[in-house]
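Participant: The structure that follows is given in the form of structure tokens.
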Amino acid sequence: MALRRSMGRPGLPPLPLPPPPRLGLLLAALASLLLPESAAAGLKLMGAPVKLTVSQGQPVKLNCSVEGMEEPDIQWVKDGAVVQNLDQLYIPVSEQHWIGFLSLKSVERSDAGRYWCQVEDGGETEISQPVWLTVEGVPFFTVEPKDLAVPPNAPFQLSCEAVGPPEPVTIVWWRGTTKIGGPAPSPSVLNVTGVTQSTMFSCEAHNLKGLASSRTATVHLQALPAAPFNITVTKLSSSNASVAWMPGADGRALLQSCTVQVTQAPGGWEVLAVVVPVPPFTCLLRDLVPATNYSLRVRCANALGPSPYADWVPFQTKGLAPASAPQNLHAIRTDSGLILEWEEVIPEAPLEGPLGPYKLSWVQDNGTQDELTVEGTRANLTGWDPQKDLIVRVCVSNAVGCGPWSQPLVVSSHDRAGQQGPPHSRTSWVPVVLGVLTALVTAAALALILLRKRRKETRFGQAFDSVMARGEPAVHFRAARSFNRERPERIEATLDSLGISDELKEKLEDVLIPEQQFTLGRMLGKGEFGSVREAQLKQEDGSFVKVAVKMLKADIIASSDIEEFLREAACMKEFDHPHVAKLVGVSLRSRAKGRLPIPMVILPFMKHGDLHAFLLASRIGENPFNLPLQTLIRFMVDIACGMEYLSSRNFIHRDLAARNCMLAEDMTVCVADFGLSRKIYSGDYYRQGCASKLPVKWLALESLADNLYTVQSDVWAFGVTMWEIMTRGQTPYAGIENAEIYNYLIGGNRLKQPPECMEDVYDLMYQCWSADPKQRPSFTCLRMELENILGQLSVLSASQDPLYINIERAEEPTAGGSLELPGRDQPYSGAGDGSGMGAVGGTPSDCRYILTPGGLAEQPGQAEHQPESPLNETQRLLLLQQGLLPHSSC
């Protein structure tokens, strides 16, 4: 094989050579800017390697001459890897002579290396002699100064290194715009004795080709860290508390530890300090006193020292679980079941939390049945077999847990009652029967005596009482009790004692209901300021209807709180619309002398609870089920209809959200909870004048900035409610704090389009969130647009749509009745286990009502009082979907 170097170009005649072998390779390197063409043409190097040096950015052309082979497959190789450069050219000089060219138009440092060409012949690879290509340029940095954070006046070092070719390379250091060192050979280390403020450093590298400047490094001063924030008690028990916090700015020094101080509040003098390494930024406080108020604060430290303490954060440990078991558990058989009674448990120590419901467990056929939750000290057991022995136990519970179980009560299949003792003991039924008969006779006698006395008092009042101290006869008269709903003198007198305004009393006169006219039942939900209970209301025809009673807590004694609570009822009294919750009545619960009565607002019983809890249950409940898009749009139409009615009556709601919309038995949605609503008597806006708990993430921009509320601000909240519905109950602006919402919105950000949300629906949402209130659509426009969208969707079959389930009113279900929903294997229960879709199943909000499966029979004449509407809502939506009703437009 012959090797020759030349500046050969395409068409260059081959140089005279001895007769070549079967295959010959020739590699030539052309540096057109280094050698003139005339000088290169006569260059002949036989078989010797070549070193080629070029400047960065110059062109280079390499060629390879192959003789003794037809159409060779010439490959270029650099440092052992095949070159993928597309700028390659292969030219035949003769049938047995080919020249290949590899062009590098602008050489970079990465192009430097060892090149050769190779050809395969008969399974063997022939390679040429190599060419070493060296690329020269300005220095290239391999190490540059890095940013640092150092204590004030503390010494530190900065490093800089650069390489050629060409060598040598020298380093010059700069501090800002001042030269402070060099030139020094590369690599170079700069020693600095210290700085008192943030300072910038850089280095320059010089060689024969020029100079290069490094990045600018900033040396920051370390400082004490900032105070922690977002201190939260994440988990509480009677003796332990888990605390988490977010660290403040670390002062550009690694945080090493945090200190948590805890003291009893108020006025605690002993402070417990716990030092924990970080991260994580959490701490577990142990050995706390149950049912005790504490305060804690946190600070963190780096190498320079500790941060300031954050503000004190109060918390209270939970009380102890009940320590006593119910006593005197006994049973009475009746035709309808087995009545169980026991003595009420009284807390033994102030550290025990408030006692809650009782839990009853019963065993039959050696199998434990489900536990029952019972309010009060009496339970009626119906789901047992009277032909088999029964064992019953009961305990009391509170927020912490359950107390000890009572002694088991054995009810034999041969006995008429049970006895307390070991599971296999027996008792005679004769004494029990005699005791029951005696109790019945005594109760009947007392009832007759009380009835006779009551008739006299009602007829004449109570007169001619005891004489006064001076011996003179005195006549006392107590007004006869009246149960006439039209003139409830007793309740009116009690209203006078509340100190509420005369205007509010006048509004409530015709909706006052005597306390004796309804019976309170089980607890449906609790909130911060009150609770909701099921009740049976006796109507004028003697029949009973199930209602929900919303009442304030017994320890709320301020007249202002009571008046604010009753104002919501007065507000609801004015509403009469199928998609707006309507007031049934108002009552007062009497208490001991000297204590204010408890106000109660009576509302329709909504079988399926609040819309937010229903949406959550469909997505993350124990048995999730599917809600079709048509159903979700139908929910929005109902809410828009209700808000259209409210806005037409000059009412602004101010708290529109999915949690404040209720689901009736036929699955229609009603707008409810008017605790923040206001009527606009003049103009079209209301300005908030005092501090209240407001739903920040549902508020419009003008409400956040200026406490200004209009119908247009309700439209904004309706857009957020639409987003809640489409996401099946997700929290809006998740991960954004309330204090950050205004800046987030003013920056042009809005809630993102939910998955599976139609573009038309999201466009409506986005219009509701316009920064200019005048650009937001009205509720009439929203209702018509949503009806148009619903009309374009396919009609659901009865098996697909939960709205078609129980549209016709069926028999009233028993307590704990259920509703079958698509995709659910088991019915959901009532308030018993908290797992249903009513509000009882979730975390109760601020006395939100109503919410657990049940039913409310339609009141006679109710339809006559509803405002005239074009069609029943369900009929109108079905006609829209089937194209039988023309769509209106905004």
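Cβ atoms are placed via backbone N, Cα and C, with glycine included.
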Participant: Let me make sure I read this right: Swiss-Prot says Cys203 forms a disulphide bond with another cysteine. Which one, out of Cys160, Cys258?
Facilitator: Cys160
Participant: In whole Å, how far is Cys160 (disulfide bond) from Cys117 (disulfide bond) when you measure between their Cα atoms?
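Facilitator: The separation of the Cα atoms works out to 39 Å.
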Participant: How long is the line from the C-alpha of Val532 (ATP binding site) to the C-alpha of Cys64 (disulfide bond), rounded to the nearest angstrom?
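Facilitator: Spelling it out, the Cα of Val532 (ATP binding site) and the Cα of Cys64 (disulfide bond) are 94 Å apart.
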Participant: Reported in the order helix, strand, coil, what are the DSSP residue counts of the domain 'Ig-like C2-type 2' (139-220)?
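Facilitator: With helix first, then strand, then coil, the domain 'Ig-like C2-type 2' (139-220) has 0 helix, 51 strand, 31 coil.
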Participant: What Cα-Cα separation, expressed in whole Å, is found between Cys64 (disulfide bond) and Asp655 (active site, proton acceptor)?
Facilitator: 83
